[in-house]
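Report on the structure given below.
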Amino acid sequence: MSAEVPEAASAEEQKEMEDKVTSPEKAEEAKLKARYPHLGQKPGGSDFLRKRLQKGQKYFDSGDYNMAKAKMKNKQLPTAAPDKTEVTGDHIPTPQDLPQRKPSLVASKLAG
């Protein structure tokens, strides 16, 4: 029993020390609550904001709306089969494979 008494005393001393440390913070908090009583009452903001959050906003801005609208159009329209079956990347083009450039109608000012 004598071993428990010093531990209890040390626990009480620690509690007193914590109270001394936190008491200035609690005093400052009490001052602020007295000065601004309406701040801590309503978590979640104004009634307008709460109503908007409950309603659930579907689109952030007009860009989101237009993208969703375009997705809906893409789902409704039947996709046309591609008439070109050309596969790209079969070979590396060489200068002989490329078509010739057409001469420009306007004379270049750099060639002058």
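Numbering starts at 1 and runs along the chain as it is shown here.
Cβ coordinates are placed from backbone N, Cα and C, and glycine is handled just like the others.
Model, not experiment: these values are computed from the prediction.
Residue annotated by Swiss-Prot as phosphoserine (from the set Ser10, Ser104): Ser104. Cα separation, Ser62 (phosphoserine) to Lys109 (N6-acetyllysine), rounded: 46 Å. When Cβ atoms from all protein chains are considered, those within 10 Å of Ser23 (phosphoserine) total 10, not counting its own.
Taking Cβ-Cβ distances under 8 Å and a sequence separation of 6 or more, Ser104 (phosphoserine) has no neighbours in its chain.
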